[in-house]
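Taken from TrEMBL, the feature transmembrane segment applies to 7-27, 86-105, 117-142, 162-184, 196-218, 238-260. Summarising the annotation, TrEMBL assigns domain 'Potassium channel' to 80-137, 173-261.
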Amino acid sequence: MKWKTVLAVFIVVVLYLVCGGLAFRALEQPFESNLKTSITLEKASFLERHPCVTPNELDAIIKVNSVSGGVRPTGDTLYNSSHWDLGSAFFFAGTVITTIGYGNIAPSTEGGKIFCILYAIFGIPLFGFLLAGIGDQLGTIFVKSVLKVEKIFRISQTKIRVTSVILFILAGCIVFVTIPAVIFKHIEGWTTLDAIYFVVITLTTVGIGDYVAGRATLQNSDTVSCSIEYMKWYKPLVWFWILIGLAYFAAVLSMIGDWLRVLSKKTKEEVGEFKAHAAEWKANVRAEFRETRRRLSVEIHDKLQRAATIRSMERRQLGLEQRAHSLDMLSPEKRAMFASLDASRFKTSSQESIDSKLNNLRLKGACDHHAIAMGRKCVAKNE
């Protein structure tokens, strides 16, 4: 959103607040004045009839009724305690569209309640649009400043952004929390804790209502309420502080959200790269395991084959040695007889192989001769 658009929306919101303040004053101030007059007359009449009751004691008795009616008649005619003058009505309209809603004052007439409903329905979206525009502009200015710092100093992007966010938050806390708390402590007469409490509760739009700027009363040490006289521009100025403070916090939240999305995107990319590396490593481990298993199986097979061959050779050698030993134990005549038997066995086996080969040749020749004879007979028949 451009600054011109934001400025135009801001002017519309201010006019909307002024119109709302005038409307609330017109609807509620006559009722407040009548109620104030009625309560004041009743108080004077009661004091005349009961001189034993002091004004302070009577104030304590009627405090609940008078405050709920929007006034606090203490018999002080020099101070205007109206809650529906233009500044107070403007401030109330601001608390409606910002959804803070302190609750210290509220419309009492039927017309005021109906108008408040319609005013909130149209005013809250309008203020939200303005808040988004201001927050967007503040965030844009901050991001541009960060980019300029990154170009000048050439420092790590992450370090620059983290440091910038911390400084931005600290500066905002000083400008929108610390300084206003000091001002409220001085003007409203609150303690430091109460002032900080009010600032934080307001800027977070909680709006409990136990502490409200411009309430026009102060509790002293004797628990006696004292009036505080404010300047006419005090409450409108408080509302503008609320506007800028809410826009600042909206900008901080928007900026943090954008950076969290960027961080989430980077995290997803890093997780994807990690998964790819893990899959590649897993594939490499599987391939290495298969190759190792193949090598081990080949080596084990070779070792088993060599062991079997060695055992076979050992058994054969052992058999030869046993035979030689047994022959050595025989007499020379028996040795000669065993030698002749071996020779005849070798000769017989050789002769058998030769005879089998000759028989095969004879069979082959007979078959060929028979085939020739059959061929001749067929030729003779054909002729």
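Keep in mind that glycine also has a Cβ here, set from the backbone N, Cα and C atoms.
Keep in mind it's a predicted model, so treat the numbers as computed, not measured.
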For the domain 'Potassium channel' (80-137), jot down how many residues DSSP puts in helix, in strand and in coil.
40 helix, 0 strand, 18 coil
Looking only at residues six or more beyond either end of the transmembrane segment (7-27), which have a C-beta under 8 A from one in the stretch?
84-87, 89-94, 96-97, 107, 109, 111-112, 115-116, 119, 123, 126-127, 129-130, 133-134, 239
What is the pLDDT of the domain 'Potassium channel' (80-137) when averaged and given as a whole number?
90
Helix, strand, coil residue numbers for the domain 'Potassium channel' (173-261) per DSSP?
56 helix, 6 strand, 27 coil
